[in-house]
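Asks: Can you keep this structure in mind? I'll have questions shortly.
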Amino acid sequence: MLALISFLPLAAVVYGSPLTNYTGPPNAHCARTTYRISLPPYTTIPFNSSLATDLDPTQPAVTELQAQFTSSQADFTEDYMSGTNSSTGAVYDISGVLCTPKGGDKHNGTIQLLVHGIAFDSSYWDLAFQPENYSYVWRAAAEGYTTFRYDRLGTGESDHPFDGYHEVQAATDLQILLQIISLLHSGGIGGNAYSSIFAIGHSYGSIQLAAASGIVPGQLSALVLTGFSANGSYVGQFQTSNAFSRADETQPSRFTGLPGSYVISGLPQSSQINFFYYPFYDLDIASFSFSTTQPVTQGVLFTFTSLINGASNFTGPVHVVTGDRDWVFCGAQCDIEPDGQHTILELVGPTIFPQSSNFSVFSPANTGHGLNMHLSTPDSYTNIMDWLNALSA
């Protein structure tokens, strides 16, 4: 039997980047809008025991939950996630930015949908740090592409629900993504109905897009999955090395008011291990990244792997772009061949997208998980744009 959950919203507070003077690349018209997203009834992963009632855990409780999850996901599931599946409809305010190139849209009817990952909001795609080098939106506009990026639930200027377990979890994020895809096709975003969506993801954003492609395969024309592989062997080291800590206690000037289920990396060193490959990045961008980091809920951390499944009915083109030193999805060794024939990245094709009409891989050298924040970033953008432009030729 499906149980309905009553959700408590937080007051309307913006937990976005502390930098407010950057409004977007000079070669694009960018407009931020809040969209009221209504979700149909959907199935969530239930939490029971103390997680059903303690929605504002202390730091010791947060740490203990992370320790239990990473030491044995099977035992954690039995102890905390063995209740009855829950289903509910919900309504959220999701903040997004639509950018159209000032030089004119050269790809009429096509839009790039940008989905960010953990530790960021959608500004990951339009970094205020040296944007001429690191802004993906800037580069896309230079190629004549319209882009849409949005802050995932619980990040940036989107809603921050109080319940960071039952509500802000992977199933909810996926449903929001599916609604945004539908809005892009129907003209609900910017007033233009786009016939073609090139979907670009990073990390958890790539996981969501891979899952969406298996549900609505005909609604996505192409996938570019960055910071991604089909190998989940390193999830434990990602979670432990981040030293996830209550966001409101770690950066109180930015996150006061958030409950304890909202966490961020506890130290700059934790961020370095997971997102950067030394010394192939500007040290200042690492500092910028940590100072502008965004929270993730433990609900997302405990459920995001549930979305990693095959998308055997997606026949469109797929391009994986993951740094050769990606710690999160390759253990910093993306060139190894688990089956003796294919690298970790090459295995994404037969494992997740066996019917893809055009599967390819690019692995920039000396690059960690934060693909958009390395010295190789311009080359990665060139590779992505060349691949997308070839689809449009």
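For all residues, glycine too, the Cβ spot is worked out from N, Cα and C.
TrEMBL lists these features:
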- 1-16: signal peptide (SIGNAL)
- 113-249: domain 'AB hydrolase-1' (DOMAIN)
Asks: Per DSSP, what is the residue count of the domain 'AB hydrolase-1' (113-249) in each of helix, strand and coil?
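Replies: Tallying H, G and I as helix, E and B as strand, the rest coil: 58 helix, 23 strand, 56 coil.
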Asks: Mean pLDDT for the domain 'AB hydrolase-1' (113-249), rounded to an integer?
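Replies: Its mean pLDDT is 97.
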